[in-house]
Amino acid sequence: MSQQGGAAADNGVSPGNVPVCYYGGAGRVPAAMERRVRAAELFLRCAACGLAVLAAALLGADRQTRIIFTVQKEARFTDMQSLVFLVVANGMAACYSLLQGARCMVSILTGGVLISRPMAWAIFSCDQVMAYFTISAVAVAMEAAMIGKYGNMQFQWMKTCHLYKRFCAQAGGAVACAVAVSLNMVCISLVSAFNLFRLYGSGKGRK
């Protein structure tokens, strides 16, 4: 009996008292780890959605009016293309995270397991694109924020944040939320990479 158990362990087969999630013949993952991965993915996607909505809302509602040399000037996020790009990127990230979060919730409630390699590749690719997209939007917005804060003497661009302090402070909060969104998307892409490459596993199961 012990020899049979040892042979089963050598073949990578879990004993009957250990719950295991199977992914075809290529690999197997403990059920406890599967639950943790699903919970982590759902949390990250929900956090990314909430932070993206917050960043877009902060920028969309960011306005400040000043009178400069008898001329009334209103600062809005639409005055800077980099901030417009950041709003669009966070809006897309929020919608995408909402859809993927709903998929994760359905998977948790139904107990389904992602076993389709094409679907796993599609999710992994989309997560990678969204991660790069949000990072690029944050990079452009941060560069514009630094110019607004400190100016650029070489190009004779004057700093403007001392004139629109409230506008810059709220925009800075939105950029901070966008940074958190990009970090969440990077973590999500790592989770989707794990979900993808574990489908390939070892070739012993197929043989």
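Each Cβ is built from the backbone N, Cα and C atoms, and glycine gets one as well.
The domain 'Casparian strip membrane protein' annotation in TrEMBL covers 35-182.
TrEMBL lists 42-60 (among others) with the feature transmembrane segment.
The list of residues near the transmembrane segment (80-99) in space but at least 6 beyond its ends in sequence, with Cβ under 8 angstroms from a Cβ of it, reads 45-46, 48-49, 52-53, 55-56, 59-60, 126, 130, 133-134, 136-138, 140-141, 143-144, 148, 171, 174-175, 177-178, 181, 185. Summarising the annotation, TrEMBL assigns transmembrane segment to 80-99 (among others).
Residues or ranges marked as transmembrane segment by TrEMBL: 106-124 (among others).
Per TrEMBL, transmembrane segment is recorded for 130-150 (among others). For the transmembrane segment (130-150), same-chain residues at least 6 beyond its ends with a Cβ under 8 Å from one of its own Cβ atoms are 80, 82-83, 85-86, 88-90, 92-93, 96, 157, 159-161, 168, 171-172, 175, 178-179, 181-182, 185-186, 188-189.
Look at TrEMBL and you will find 171-197 (among others) tagged as transmembrane segment.
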Cβ-Cβ under 8 Å with the transmembrane segment (171-197): same-chain residues at least 6 beyond its ends: 37, 40-41, 44-45, 47-48, 51-52, 54-56, 58-59, 62, 77, 83, 86, 89-90, 93, 100, 114, 117, 120-121, 123-124, 127-128, 130-131, 134-135, 137-138, 141-142, 145
